[in-house]
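Input: a single structure, listed below in structure tokens.
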Amino acid sequence: MKKIVINGGKRISGTIPISGAKNSVVALIPATILANDVVTLEGVPDISDVASLVEIMEIMGAKIERNLEEGRLVIDTRSVVSRPLPYGKINSLRASYYFNGALLGRFGQATVGLPGGCDLGPRPTDLHDKAFKALGAKKIQEEEAEHLEVIGDSLVGTTIYMDVVSVGATINTMLAASRAKGLTIIENAAREPEIIDVATLINNMGAQVRGAGTDIIRITGVDEMHGAQHTVIPDRIEAGTYLALAAAMGDGVIIENVIYEHLESFIAKLEEMGVGLTIREDSIEVHKSENLKSVNITSVPYPGFATDLQQPITPLLLKAKGRGSIVDTIYQKRVNHVPELARMGANISVLDDRIIYDAPNELTGSCVQATDLRAGAALVTAGIIASGTTKISNIEFILRGYDHIIEKLTAVGVDIQLIEE
């Protein structure tokens, strides 16, 4: 079993480069199926979710050239066929549901195992099902999978109102509708940068998507799509994770390859705490920060504070002075990091799905386990802050979403290693 071991309490300095966005690339790779051609993706992070997606694509018949050291995937989908996808790989991957939209759009049918990923409480796919049904597909629920197929000759554009703002459902609807007949309008669409990124790729492939990044998206379906080249946007969640770490333990750290506009609400909270920042065109310098103030955080859909960043910022909050709270309105059960931080000495608890902390706390190294991707990131930061040695298990969650995390942290002075036990 692989574990991460951190000897904490050491200040850090230097530069941390940000990789391509995990939450984009997990949709971009399935989206290439729509092209029936060769698509090149640049800036692809070297994470286990990408490896799983590549393996699934190859099972479907895609020919893929991988150079993840340079962040490049060349995907030829001309030989792809719609076939039942392997339950094991699908079950480990939340974003597997994007295969539904892509396969339905190109082939008019899809059979995909039920998605897995991190256990953050209920994340129903009802919105996806409702959208596919509105476009003219029916669902047949099987034991460990769902089968979708078009009723009639093809999907047909329509107006779809999202009852809840959902990134996954917005992207999935966009993928399927891009090959439907006529106009599809998505109302109450999610507005995340990753949606714009996916729309940019499929537009470059010949789709006609307008309004991505607003709450109304219009998609005019096309009969066929072609190859393209696309560079993945920087990962705003990885950037936020390292910004919080730099604020907690940095003696001057530069986070490179950042789009500031994607992180405005997060950066506003750092500044409210008293973190010193210099914002440049594509980088952010975090100055040594002391006498931090506690803040209250509520995660909401973009452009508000991202749910994926409420866990990574928590160790920084534990260095501030005063009492504060964290409320996650997206995933109320996203609190599994709390008992692990308490094990390290944090004065933190959960009350009615609200996280309450009293700070500052002196953290001490301990044996802890990552229960999901962003909880794992929080524990890495906590281990760097803590005195003594921290040993983190279940690190496969962390490797799902953080590209070369050991190497990046080692380069700025963190005593961290990956071990086999």
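Glycine is treated like the rest: Cβ placed from N, Cα and C.
Quantities reported herein were computed from a predicted structural model and do not represent experimental measurements.
Record features, source Swiss-Prot:
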ACT_SITE  C118  active site, proton donor
BINDING   K22, N23  phosphoenolpyruvate binding site
BINDING   R94, D308, I330  UDP-N-acetyl-alpha-D-glucosamine binding site
MOD_RES   C118  2-(S-cysteinyl)pyruvic acid O-phosphothioketal
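What Swiss-Prot annotates, mapped onto the structure for a quick look.
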residue	record	DSSP class
K22	phosphoenolpyruvate binding site	helix
D308	UDP-N-acetyl-alpha-D-glucosamine binding site	helix
I330	UDP-N-acetyl-alpha-D-glucosamine binding site	coil
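Here the binding-site residues are K22, N23, I330, and the one whose Cβ sees the fewest other Cβ atoms within 10 Å is I330. Listed in sequence order, N23, I237, G240, R374 are the same-chain residues at least 6 apart in sequence whose CB falls under 8 Å from the CB of D308 (UDP-N-acetyl-alpha-D-glucosamine binding site). If you take the Cα of I330 (UDP-N-acetyl-alpha-D-glucosamine binding site) and the Cα of K22 (phosphoenolpyruvate binding site), they are about 19 angstrom apart, rounded to a whole number.
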